[in-house]
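Below you'll find the structure, written out as C-alpha cells, and then a few comments.
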C-alpha cells in the first residue's frame, strides 16, 4: 500500500491541485468583478466595457454582490481558498520515484506547479474529448471548446517549463561540458544562470506595461466564446519566467557541490521499462533472456568472432 502511494501519490496530493485549478479558474473568470470593486477604471467607457464583460460572463448572475460590490459570495470564497490550497499543496507535495532526487524546500513550489500542470493536461484532454463527442457523434459542436483548449494549453506550456527547469529536463549539450574541469563546469553553470536571469529581467522590464494594460482592460480573444486569453496569458508569461529564473538560481546552489556526472547514452535507458519487458518475456517462459540492446549487440559480436 505504501509503495503504491509513493508511486501514484496519495489522494490529497491529487485533490489539492485539482481544487486549486478549480478555484483559480473561477477567480480568473470573475476577475472583472474584483477589478470593478477594488480599482475601477477612471474612464467611464472603460468601466462600462468591463462591467459589460462581467455581466456577460458571470456564472452566478442571480447572486447579489457581497459588500455592495460586484463579486458575490462564491467569488470571495474561491479567492480566499486559492492561497489556502496553494500553501496546502506546497506542504503536502512529495517526490515521485521517477522525479529528480535532489530536491529541497525551495523546490516544493515548482513541484506543486508540476502537479497543477498534470491536472491541466487531464482537463485539456477532457475538453477535447467532449468536443469530439459532440461534433462527430451528436453533430452539435460547441462554441467554446477550441478557445478553451488554446487557453489551457497556453498555461500548460508555461507551467511545464518551470517544472522542467526544476527537474533539470531542459535540453543540454554535454559534449564540451563533460570534458571540462570542475571549475570550468561551474563557470558554465554560472554563465547560463546569469543569462536566464538577464532574459527574465529584460522580458519583464519590456513587457510589464503591455501585460498590465491587457490585464487591467481585460482584453479578450474576440471570438464567440471570447475568453480573456490576452489578459491572462501575457501576465502569466512574465510571472512564470520570473519563477524559472528563481528556480535556475535554486538549481545552481543545490547542484554546486554535487558529484560530477559523466553523461552517456545509457542515461536514456529506462530501467523500469526494461524490468517490465523482462517480466513480459518471463511470462512466456523465457524470463532468463537478457533483451537489452547491449546484450543483443554483445551476442552478435560474439557470434561473428565464433564464425571467424
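Positions of Cβ are set from backbone N, Cα and C atoms, glycine also.
Distant neighbours of the transmembrane segment (12-31): 54, 57-59, 71, 74-75, 78-79, 81-82, 85-86, 88-89, 92-94, 112, 115-116, 118-120, 123, 218, 228, 231-232; these residues of the same chain sit at least 6 beyond its ends, with a Cβ under 8 Å from one of its Cβ atoms. Feature annotation from TrEMBL assigns transmembrane segment to 12-31 (among others).
Panel annotation: around the transmembrane segment (73-91), residues 16-17, 19-20, 22-24, 26-27, 30, 33-34, 59-60, 63, 66, 108-109, 112, 115-116 of the same chain, lying at least six beyond its termini, place a Cβ under 8 Å from a Cβ of the stretch. Under the heading transmembrane segment, TrEMBL lists 73-91 (among others).
Per TrEMBL, the feature transmembrane segment maps to 112-136 (among others).
Among the features that TrEMBL reports, domain 'Tripartite ATP-independent periplasmic transporters DctQ component' is placed at 124-253.
The transmembrane segment annotation in TrEMBL covers 148-166 (among others).
Positions annotated as transmembrane segment by TrEMBL: 187-208 (among others).
If you look up TrEMBL, you'll see 236-254 (among others) marked as transmembrane segment. Beyond its flanks by at least six residues, the transmembrane segment (236-254) meets 102-104, 106-107, 109-110, 113, 154-155, 158-159, 161-162, 165-166, 168, 189-190, 192-193, 196-197, 199-201, 203-204, 207-208, 211 of its own chain at Cβ-Cβ distances under 8 Å.
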